[in-house]
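A.B. asks: Can you keep this structure in mind? I'll have questions shortly.
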Amino acid sequence: MVNRSAWFLSCWTSDSMVVGEEKMSVRKRLSKSSNHAEEEEEDQRDCAEESQEAPSNGRVDLKQLISKKIKLTAEAEELKPFFMKEVGSHFDDFVTNLIEKSTSLDNGGCTLTSFSIFEGDNNHRAKDLRAPPEHGKIFVTRRSVLDELFEVDHIRTIYHMFIALLILFILSTLAVDYIDEGRLVLEFNLMSYAFGKLTVVLWTWLTMFLCTLTVPYFLFQRWARGYHRTSHPVVHSFIHCFLFVVFQIGVLGLGPLYVVLAYTLPPASRCIVILEQIRFIMKTHSFVRENVPRVLNSAKEKSSTVPVPTVNQYLYFLFAPTLIYRDSYPRTPTVRWGYVTMQFAQVFGCLFYVYYVFERICTPLFRNIKQEPFSARVLILCIFNSILPGALILFLTFFAFLHCWLNAFAEMLRFGDRMFYKDWWNSTSYSNYYRTWNVVVHDWLYYYAYKDFLWFFTKRLRAVAMLAVFAVSATVHEYALAVSLSFFYPVLFVLFMFFGMAFNFIVNDSRKRPIWNVLMWTSLFAGNAVLLCFYSQEWYARQHCPLKNPTFLDYIRPRSWTCRYVF
């Protein structure tokens with residue numbers, strides 16, 4: 001049995017190692033697999049015949065059978081870790097290379113037949129299906145990672161644990177309210193406040209959407225059709241580019257910001273408007289950025305047709321869960337409405353989960369802390385007490401938005417490529433974590449920020465281009481947080497721009513040992529705790545120490561450092 005187990009493991013390892021070889025065709029691999037299956041059936045048949053010939057009418061034979069079963073079980077348990085390790089390290093390579101070598105991927109009417117998608121030392125989890133830079137990202141039909149993992153009972157149990165913890169949060173809230181109030185009080189004052197004035201949010205979003213649907217498309221269409229006919233293409237392009245920038249900054253930039261400040265929207269409502277504002281700006285930039293080179297190439301080749309996308313293609317892109325424009329995407333055959341309902345139900349479940357985390361952990365922590373001035377002792381206690389709620393909010397935000405929300409829209413639109421994130425939890429480096437945490441935003445930053453900065457700074461200054469991308473990302477994150485919370489406290493910018501940038505170079509892809517995954521998780525939990533602590537302190541400081549006539553400096557000066565009755 002030991003030899004047979006070793007034979008099976010060696011067969012699996014040999015099959016995985018031949019992934020990189022180009023001599024064996026798919027048909028040969030399938031025939032080889034069928035031969036293995038026939039050999040295993042013959043071995044099982046031989047074992048069955050041996051068991052039938054063996055005597056079974058004595059106590060000694062029964063003891064031998066039990067001992068043999070125990071021995072085989074022990075051998076199987078010893079073999080299991082090696083087998084699972086081989087599966088985890090080679091199965092993705094096998095499937096991906098099988099697809100790559102067996103089919104040609106069509107991207108925008110251009111068939112890509114031979115290019116190296118995965119380079120380097122088996123770092124496939126950190127890289128996406130990428131064509132050469134002139135072709136951009138390739139979209140293929142694939143499921144989200146969690147949808148695949150949830151089919152494994154062991155992984156789904158972790159999901160059940162989070163549901164059980166939510167139930168306990170609800171019961172705890174009901175029990176405390178019953179003890180304090182003498183009755184069951186099921187109120188959501190914090191949530192109703194955070195999502196207040198939704199009517200203003202709705203018409204603001206509708207205005208942003210209609211402007212994004214009409215103005216950029218109209219400007220691009222006029223530029224594309226006039227570029228072939230005008231005798232001054234540079235002036236023609238400059239005028240339309242200037243109008244597009246005015247629209248991006250004036251209409252999509254300052255317009256929603258004015259609404260947020262003029263109507264004093266609460267935090268969650270502000271967050272919705274600002275995130276949609278950023279999304280529309282990134283969408284319109286991608287649309288123009290992808291289609292301008294096509295028009296220029298058409299003019300260079302003196303083609304009679306102008307490659308202008310249809311309104312339906314642009315409209316689909318505005319709702320599609322991607323920030324990279326394509327005329328068409330891989331589509332699924334049908335819409336599973338039950339799956340859509342389940343994803344939206346989980347989004348609302350995560351929303352209430354976050355509410356109970358704030359209600360049962362965060363609010364008592366920041367309201368009942370001793371009334372003492374800001375000090376290192378208060379800060380350290382606050383950070384360590386914020387680790388648990390910070391970690392829960394991290395997981396819930398990821399699951400609610402990057403998995404449930406995007407998959408729900410992808411299913412309704414029959415959008416085939418569901419790789420919105422990768423297995424970021426297995427990262428042993430921050431560079432890999434940044435690539436796999438949010439693939440949707442990372443792709444936009446890679447193709448439209450990093451590539452353009454790299455072209456501007458030349459390829460010799462890759463570090464400068466990467467620094468510019470970090471600066472853009474940190475600034476946008478801090479802008480969204482500052483507007484949502486109504487104060488400027490650049491803790492996120494400092495952590496992202498300085499510590500995140502340093503970790504990106506120090507804890508790089510060369511770190512492969514498991515200890516680096518532990519360190520990554522430790523720093524990730526600590527960073528989220530710092531953010532939750534600092535911003536919560538500042539929020540309560542501004543609630544308990546308001547100023548009668550605040551100036552502009554009062555909005556950017558930390559109130560928690562001077563307010564002695566913050567909590």
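Cβ from N, Cα, C; glycine included.
OK, TrEMBL features for this one:
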- 28-58: region 'Disordered' (REGION)
- 38-52: compositional bias 'Acidic residues' (COMPBIAS)
- 158-179: transmembrane segment (TRANSMEM)
- 199-220: transmembrane segment (TRANSMEM)
- 241-265: transmembrane segment (TRANSMEM)
- 337-358: transmembrane segment (TRANSMEM)
- 378-410: transmembrane segment (TRANSMEM)
- 430-449: transmembrane segment (TRANSMEM)
- 461-481: transmembrane segment (TRANSMEM)
- 487-506: transmembrane segment (TRANSMEM)
- 518-537: transmembrane segment (TRANSMEM)
A.B. asks: Residue list, the transmembrane segment (337-358) vs rest of chain: Cβ under 8 Å, 6 or more residues beyond ends.
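C.D. replies: Hits for the transmembrane segment (337-358): 162, 166, 169-170, 173, 188, 190-191, 389, 392-393, 396-397, 399-401, 403-405, 407-408, 411-412.
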A.B. asks: Can you tell me which recorded stretch out of 158-179, 241-265, 430-449, 461-481, 487-506 has the most Cβ pairs within less than 8 Å of the transmembrane segment (199-220)?
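C.D. replies: Highest pair count goes to 241-265.
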A.B. asks: Can you work out which residues elsewhere in the same chain, 6+ from the ends of the transmembrane segment (158-179), have a Cβ less than 8 Å from its Cβ atoms?
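C.D. replies: For the transmembrane segment (158-179), the far contacts come to 150, 185-186, 349, 352-353, 356-357, 359-360, 395.
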A.B. asks: Under 8 Å, at least three CB pairs between the transmembrane segment (378-410) and the transmembrane segment (461-481) (pairs 6 or more apart)?
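C.D. replies: Between the transmembrane segment (461-481) and the transmembrane segment (378-410), which are separate recorded stretches, there is no contact, as judged by 3 or more close Cβ pairs.
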A.B. asks: Checking distant contacts: for the transmembrane segment (241-265), what same-chain residues at least six beyond its ends satisfy Cβ-Cβ under 8 A?
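C.D. replies: Those are 196-197, 200-201, 204, 207-208, 211-212, 215-216, 219-220, 273-274, 276-277, 280-281, 284-285, 288, 483, in sequence order.
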A.B. asks: List, by number or range, the same-chain residues at least 6 past the transmembrane segment (461-481) whose CB is under 8 A from its CB atoms?
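C.D. replies: Here the qualifying positions are 271, 274-275, 278, 445, 449-450, 453-454, 490, 492-493, 496-497, 500-501, 504, 535.
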